[in-house]
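Undergrad: Please find one structure pasted underneath; my questions will follow.
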């Protein structure tokens, strides 16, 4: 092996990872990865705000989420990588793009982790036994447990995510069965008849007009966040070419049944005015039919969803930070890998930031905390847009005969990609129009963009030095945006 080849291998992003995720774990991550508090808890407030037509928003967003996943699937089968779309951004658009999207995605999960630890503590304190325990201690315990699971090995992460996803899926299936029985049998719920007549008696499909439906779109998009995790996880499976197409194609049924189906069923069983923000819509339904233990059971489910989200956040940021650290865009310690194949540096960095959030929560910052939650949506929009842009670049290069697309492809490309980018732009605009929190959230870009720019000038010498050592490669693959540098050996 030449000295140049040795240097390329030394900077390979996948070096040290263990292919430890089992097919059943990846399949369940694909099934339950996007089912979280955005559905179990957030759907209630959105129903109350937008009315029964909310299920259409979930459906439209679901179509674009599927297209984003198909774009990611094509990229993964082009080149499996645990660095996911950060690695692809480097390959197709260069080091600046990888730096920017890597830190934006890190921002997304760091903010989400702060919210998740606080949510876990809040859910635990709904049970009397935990009310005597300070909230920050509960949050710290939750973070310690999930952090430990992530640091041990990828198998432990996969097992925790497998069982968390299973609990969420079983809970939704139980609701779908019971709700369908009430709907099919025309049994009244809380004195109201069920079915389409319920909509006619309460203002129709759009009782609050179409504007609230647009406003809640950003929240629905956030509810779908983490679907891209299946692409990151595919980099740590032995046979991604067999597992990925099945996991991604099954998303159509998942979205139709679990998201669109659940929200439509909720709207057909009770008036939209019966739901309220802060209470799970599933608890509302089961309480109305006399099942008063529903609150405790659903609290277990939303607690599981928050634990799952925290678990996914630590896992994902560890891999993303490792990828950008290998290029010199992040602190060197975030590139460190344990003997068990865990990029612990990035995971620990996220945990430290989450600890800061736990302490901050003690001061009850009010709306500032909501802005933290919304800021994570900016990161996910940036990440999803990057996936689509990279797929469009791959499509263009394939047409030029420079690269070859895999057999598993983004349907209707490139037009589906252009339409998806337009959709993400509309989501950003609707977020900005959601006063005051959404407006302030988008306004934070005035701080974020200069901060990213300043950060780039701090690290660019190191990044370019690493790029020269890589010989213009991403691992063993040429970075088409950075032509190979001629070896001086």
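Counting begins at 1 with the first residue displayed.
Glycine is no exception: its Cβ is also placed from the backbone N, Cα and C atoms.
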Undergrad: Kindly point out the range from 369-389, 390-410 that Swiss-Prot annotates with transmembrane segment.
TA: 369-389
Undergrad: According to Swiss-Prot, which stretch among 210-230, 231-251 corresponds to the feature transmembrane segment?
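TA: That would be 210-230, the stretch labelled transmembrane segment in Swiss-Prot.
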Undergrad: Quick one: which of 4-24, 25-45 does Swiss-Prot have down as transmembrane segment?
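TA: Result: 25-45 is the stretch Swiss-Prot calls transmembrane segment.
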Undergrad: Which one of these stretches, 289-309, 310-330, shows up in Swiss-Prot as transmembrane segment?
TA: 289-309
Undergrad: What range among 439-459, 460-480 does Swiss-Prot describe as transmembrane segment?
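TA: The range carrying the transmembrane segment annotation in Swiss-Prot is 439-459.
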Undergrad: Taking the transmembrane segment (49-69) as the reference, which of 100-120, 137-157, 162-182, 210-230, 289-309 gives the largest number of Cβ pairs under 8 angstroms?
TA: 210-230
Undergrad: Are there residues at least 6 beyond the ends of the transmembrane segment (255-275) whose Cβ is under 8 Å from a Cβ of it, and what are they?
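TA: Residues 35, 39, 43-45, 47-48, 50-52, 54-55, 58-59, 62, 65-66, 169, 172, 175-176, 179-180, 182-183, 189-190, 192, 194-196, 198-199, 201-202, 207, 223-224, 281-282, 284-285, 288 contact the transmembrane segment (255-275) from elsewhere in the chain.
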Undergrad: Need a quick answer: max count of Cβ pairs under 8 Å to the transmembrane segment (137-157), which of 100-120, 210-230, 439-459 is it?
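TA: Most Cβ pairs under 8 Å with the transmembrane segment (137-157) come from 100-120.
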Undergrad: Using a Cβ-Cβ cut-off of under 8 Å, list the residues of the same chain that are 6+ residues beyond the ends of the transmembrane segment (210-230) and lie near it.
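TA: That would be 26, 29-30, 33-34, 36, 38-39, 42-43, 46, 49-51, 53-54, 56-58, 61-62, 65, 68-69, 72, 84-85, 108, 112, 244, 247-248, 251, 259, 309, 312, 315-316, 373-374, 376-377, 380-381, 383-384, 387, 426-428, 430-431, 433-434, 438.
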